[in-house]
Amino acid sequence: MSSPPDSSGRGSRHLGRHPAVIGALETVRILLVLVTIAFVLAAIAWFIGIAEQRPLAAIPGWAFTGLAAATGLSVRPGEALMSFPPSLLCLIVWLLLRNAASRTATALDANARLQRAGQLTAHRAPRTSAYLSIAGAFVLITVGFGFALGAATPSLIGFTRVGLLVGTAIVFGAGLYPQAAAADSRLSARLGEQWTGALEDAHRVCVRAGWWLAGLAALAVAAGLAIEFEKVSAVVDLYSAPLEAAIGLSVVQLLYLPGILAVALAWLSGAGVHLSAAETASAFSAAGGPRPAVPLLAIIPENPPAFLAAAPALLFIVGVLLVTLRRSWQHVDLPVITVASAQLLVLMWMWGLFSTGGLGPGGLEVFGVPALMFPLITGGLVIAGLWAGYGLILAARRAQPQD
């Protein structure tokens, strides 16, 4: 007896369609949303700057420039290069693309059940063609039109970010990692089931690490705003309309929220933050040079107090607590800590990659975290904490009386 097709609506609408068509249609769904939002925002910007008498033809260029930036590409809307991506927009694009891959996987599963029942003709390599279709359609519109109509500019870091955004969204959305049963069996045969089973537990550790680090960074930013509130207010007062400037700058800074959190972690860890091409700030170093009129930059102290030299210990403690405060059902052993360390290093590298670049003229040509030192120092402190926490667990186990 054949299994009924997916009646949820997610898979049934694509019954019988070629896998490549399914992937392309699901990508078109999210692209319609993204392009519409980009054009609306570009039109609003055109109306705001209507006194400059820009032609209506500027709206498509602005829209696709913004869309290209939201995928991680470097853009040059004027004379200045902007290669620091709006990381919150990048995250939203990633979530939408992951959803498209998930819906495609659901449709492919529904078709596969009918193919096994003999009701549909099987296609060759359906998942490969579907996911390549997703990547191709997305890159064609966002990257292609970003260069053709927008102000996207080629750069190695921009192309790397686009590849990571698209690739990881499809992998996680399509659930490719649990489907690699053959690869899992080969790994189990070579390394043992203990190491392959560590992947899931290590993934949980890394997810919690991401949330905890984001929380620590948010607390650091909140503390900085509270302590340096007068300096932040003074920066806003420099504008001719302080209230409107405060609202506008808050919205703009929100678009870079994940990058701002990475900057806070880099400052705490001692990896440093590029405030300009000539100045780097951290909890260990003074930064008294001129700064652009951006409110959040005012919270970075010019001469950090001596006690902030202990700030890197916070990241180490986070690593310890990730292991020692785990849930009772979560398994932690040598393979888990080893795999989690590797995954965390990759996570920090990707986070840093979307948190560095230029933000335009006025001293922001070089800004953000150092792409190499951020994962090595910031991630290294957390990883050291993981191993220290694991050592505490081993010591506690040895101290327990043997029956």
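All residue numbers here begin at 1 and follow the chain in the order shown.
Cβ atoms are placed via backbone N, Cα and C, with glycine included.
Feature list (source: TrEMBL):
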type	residues	note
TRANSMEM	30-49	transmembrane segment
TRANSMEM	56-74	transmembrane segment
TRANSMEM	80-97	transmembrane segment
TRANSMEM	130-152	transmembrane segment
TRANSMEM	158-177	transmembrane segment
TRANSMEM	247-268	transmembrane segment
TRANSMEM	306-325	transmembrane segment
TRANSMEM	332-352	transmembrane segment
TRANSMEM	372-396	transmembrane segment
Are there residues at least 6 beyond the ends of the transmembrane segment (306-325) whose Cβ is under 8 Å from a Cβ of it, and what are they?
205, 208-209, 212-213, 216, 265, 268-270, 283-284, 332, 337, 378, 381-390, 392-393
Using Cβ atoms only, state whether the transmembrane segment (56-74) and the transmembrane segment (130-152) have three or more pairs under 8 Å that are 6 or more apart in sequence.
yes
Do the transmembrane segment (158-177) and the transmembrane segment (130-152) come together with 3 or more C-beta pairs under 8 Å, pairs six or more apart in sequence?
yes
Best-contacting stretch, by C-beta pairs under 8 Å, relative to the transmembrane segment (247-268) and drawn from 30-49, 80-97, 130-152:
80-97
